[in-house]
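Undergrad: Quick one: this structure, given as structure tokens, is what I'll be asking you about.
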């Protein structure tokens, strides 16, 4: 099952700056070979359900290993059976009026 | 890795009433033997990472099988390495002032 | 416009335990006279759009005033024009099969 | 109070394709003069708390007026008192290692 995911990992108990943890999660996604695109409040990811969620679990493990005692993560997951759709298709459908 | 999750599954393309799909997801969680608690905008779930996410995938499969062509789901996931905490502990820490 | 909201306020840079900040937000909602129900990963709130969002802004102001330098909050907002629905109605429609 | 927001508006009861509603929300943000950036699972917005939330309310009103009987929206809201930060700053802090 193909998914488009939006991921926002928030380490807690590590102070106010969390970008090094987010950067580490980008590496995890990169190493997993998943299409992903960082934005100002999360990261869009595209791939097979199992691959994407394995990578998200890996992010939690890595961020804890870096010293964060607590993590709260927000995930949005989209699946559809009516047609294939990429992350770029979703953006194009809004900006180009391909409804 | 133990998780506390908040899950909100939104079937799209099936009209305005979605409660039968949500009820089906409750059955999936029940059948998986996971602690869960429905609220007005989602369901709290407690369990092992792999069990909880297997059940969430199962929810998507079941809701698609019921006829929903598209699903958008919101998930919050909490993990911590500093101590064990149940869903009830989280509520108690706020209401009883066990900070 | 009537809304049902799910609110989850996450103070950052204040250590791992955040329940006193969540408890303060409960007081803000209480003082605003809004129907609300705490759960293990947030709080359901019911009321008029402007009242609810004024209270959420107030929560941010109060949590900053308590010393949190950074806050990341997740909100789900539901509105509908087809019928009135309370938080309890939403739960009943799933548990009682009033689809 | 300055906010960085991530907004995802999901119209329900209007079929499987929702991009025309999302496009309308882009117009609302544009007309409000707010910095915003569409991504594959939402839109980042930057501005004053009151301006941003007025625009989000406006989105709900407009999407209902277009015929959607029900809307469920996800919002992430970030505020901080320690320093000014733009949407681009957040991305740069991850990609450039300005931790």
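Placement of Cβ uses the backbone N, Cα and C atoms for every residue, glycine included.
Remember, TrEMBL labels are computer predictions, not curated facts.
What TrEMBL records for this protein is below:
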| type | residues | note |
| --- | --- | --- |
| DOMAIN | B:5-94 | domain 'Thiamine-binding protein' |
| REGION | B:79-99 | region 'Disordered' |
| COMPBIAS | B:79-92 | compositional bias 'Basic and acidic residues' |
Undergrad: Express the predicted model's confidence over the domain 'Thiamine-binding protein' (B:5-94) as a mean pLDDT, rounded to an integer.
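TA: Computed over the domain 'Thiamine-binding protein' (B:5-94), the mean pLDDT is 97 on the 0 to 100 scale.
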Undergrad: Using DSSP, what is the helix/strand/coil residue split across the domain 'Thiamine-binding protein' (B:5-94)?
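TA: Across the domain 'Thiamine-binding protein' (B:5-94), DSSP assigns the residues as follows: 38 helix, 31 strand, 21 coil.
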